Amino acid sequence: MGLDDSCNTGLVLGLGLSPTPNNYNHAIKKSSSTVDHRFIRLDPSLTLSLSGESYKIKTGAGAGDQICRQTSSHSGISSFSSGRVKREREISGGDGEEEAEETTERVVCSRVSDDHDDEEGVSARKKLRLTKQQSALLEDNFKLHSTLNPKQKQALARQLNLRPRQVEVWFQNRRARTKLKQTEVDCEFLKKCCETLTDENRRLQKELQDLKALKLSQPFYMHMPAATLTMCPSCERLGGGGVGGDTTAVDEETAKGAFSIVTKPRFYNPFTNPSAAC
């Protein structure tokens, strides 16, 4: 080895793909022939040695110098890429943490704002107090119109210095109260009607019981009117119709249709009894 060779010695740390020693020596021996170095099998390796000594590089071995340069370039690129990936991971991890913190802050802020809005809504509902003039005007408008269209609602809200939503809620509550009062009135009326019908039903039940008792107390026979007797013309003559020698002419149809009773005359003889002569 000459002076130039001693000056070129140094430590080399390589990380990358390098050929195995057998393939490398075989490639150096056949450097003069046309060999495509792309087909040389490359294995991952990590070496720390003097430059030129581990591979026994000779002068004029251009192929060996080219492979060493490729190995060092591969190791530099891999180290740079690994460092860049690590930095990207660190940056991405930091960004993820920052995004998570920002999301948490947004959620907390939204919850706080919602709670604040709810408190404001409750306080607004509690603070709403109508004056006598506003109440009177609302009552007058309700008597005219129980429901309002959007234009009427806007005009009334401007007149009362209120929001349209407040006017709408007041009208809704007023309609509900009116309906409740009407329901109570109807309920009282129906109660009175029910009481009246109950009394009438009780009275009718009593009358029905009285009629049933009267029907049971009546006798089972019926009273017949007294029969009228008619006399035939001969009976009338015997009874004294021929006094004075006057005779009455009787129609044949009347004599035939009349009810006649024929009786034998009975004469009492006081001398028929022998004890009577004594």
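Placed from the backbone N, Cα and C atoms, the Cβ positions cover glycine too.
Ranges compared are 146-167, 190-211, 234-255, and Swiss-Prot records region 'Leucine-zipper' for 190-211. Summarising model confidence by region, the DNA-binding region (123-182) averages a pLDDT of 86.
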